[in-house]
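**Student:** Copied straight from TrEMBL:
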| type | residues | note |
| --- | --- | --- |
| BINDING | Gly16, Pro17, Val18, Gly19, Thr20, Gly21, Lys22, Ser23 | GTP binding site |
| DOMAIN | 13-182 | domain 'CobW/HypB/UreG nucleotide-binding' |
| REGION | 211-238 | region 'Disordered' |
Amino acid sequence: MPDTPETRSFRLGVAGPVGTGKSSLIATVCRELATELRLGVITNDIYTDEDARLLRSAGVLDPERIRAVETGACPHTAIRDDVTPNLIAVEDLERDFAPLDVVLVESGGDNLTATFSPALVDAQIFVLDVAGGGDVARKGGPGIARADLLIVNKTDLAPYVGVDVEQMVKDAETARDGKPVIALSRTDPASIALLTAWVRSMAHVVRTGDHTPVDPGPMAPHSHIGENGEVITHVHTH
Ligand SMILES: Nc1nc2c(ncn2[C@@H]2O[C@H](COP(=O)(O)OP(=O)(O)OP(=O)(O)O)[C@@H](O)[C@H]2O)c(=O)[nH]1
């Protein structure tokens, strides 16, 4: 179905390495904003609908508004190269619950270089966590350097993993040339308020037509082991 101003939502991607807290962040956004904004969620998992089920069981949004895309072996392909299954899922959700204000699209947990195509989302959040090590923000990559928002997540764990959050945020800010960075923990209400303020303000900017989606750039060439043990190499050039 073609997009019309009435049915088109703000499509917000959430990407980042496995286990950095993407689903939890989406649950937090839903918990905080579901009474204020009309929300929907699309999850991407390789072989299951695990993330969608987890979010439904969190009870933060009408379960019907949370749908899963199973991506097959290469999770970033579904958010970067062949976004059709995700676009169909987003448009179905927008049609079934029209009008929606925001559809959050969670990528399958991947590596440091996976990013969304601007053909699928209007803006994207890249999620790191302190448990991945304090130096990870310095390693760069398209998501860290150019996502619309970078989250340094699970700051409550920093003392246990010996990470200096302030330094990690400084490193991230240096890598990002002034683009926003939020140090987040689900146990820190002030950090959650910063996140929801950002979502709210992006939703407004997108709605008023004052936002141009930016492509963070392609991911590096890499290989996966396929279901039958074969090596599958991907070279993403766009
Ligand atoms: N201490 C702490 N743990 C967190 C926080 N946010 C998420 N977690 C935990 O981190 C783990 C991974 O969180 P998820 O939200 O499932 O991470 P994900 O990035 O969606 O994971 P994949 O979809 O598998 O890539 C879970 O055990 C969460 O409970 C946080 O702010 N603090």
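Just so you know, glycine gets a Cβ as well, placed from its N, Cα and C.
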**Student:** Can you see whether DSSP assigns Gly21 (GTP binding site) to helix, strand or coil?
**Tutor:** coil
**Student:** Under a three-state reduction of DSSP output, how is Gly16 (GTP binding site) classified: helix, strand, or coil?
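**Tutor:** Coil, per DSSP.
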**Student:** Whose Cβ, among the binding-site residues Pro17, Gly19, has more other Cβ atoms within 10 Å than any of the rest?
**Tutor:** Pro17
**Student:** Could you tell me the mean pLDDT the prediction assigns to the domain 'CobW/HypB/UreG nucleotide-binding' (13-182)?
**Tutor:** 92
**Student:** By the count of other Cβ atoms within 10 Å, pick out the sparsest of the binding-site residues Thr20, Ser23.
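**Tutor:** If we count Cβ atoms within 10 Å for the binding-site residues Thr20, Ser23, the smallest count is at Ser23.
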**Student:** If you count the C-beta atoms lying within 10 Å of each candidate's C-beta, which of the binding-site residues Gly16, Gly21 ends up with the smallest number?
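**Tutor:** Output over binding-site residues Gly16, Gly21: least Cβ neighbours within 10 Å is Gly21.
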**Student:** Counting other Cβ atoms within 10 Å, pick out the least crowded of the binding-site residues Val18, Lys22.
**Tutor:** Val18
**Student:** Identify which of the following binding-site residues, namely Pro17, Val18, Gly19, Thr20, Gly21, place a Cβ less than 6 Å away from any atom of ligand 1, and list them by sequence position.
**Tutor:** Val18, Gly19, Thr20, Gly21
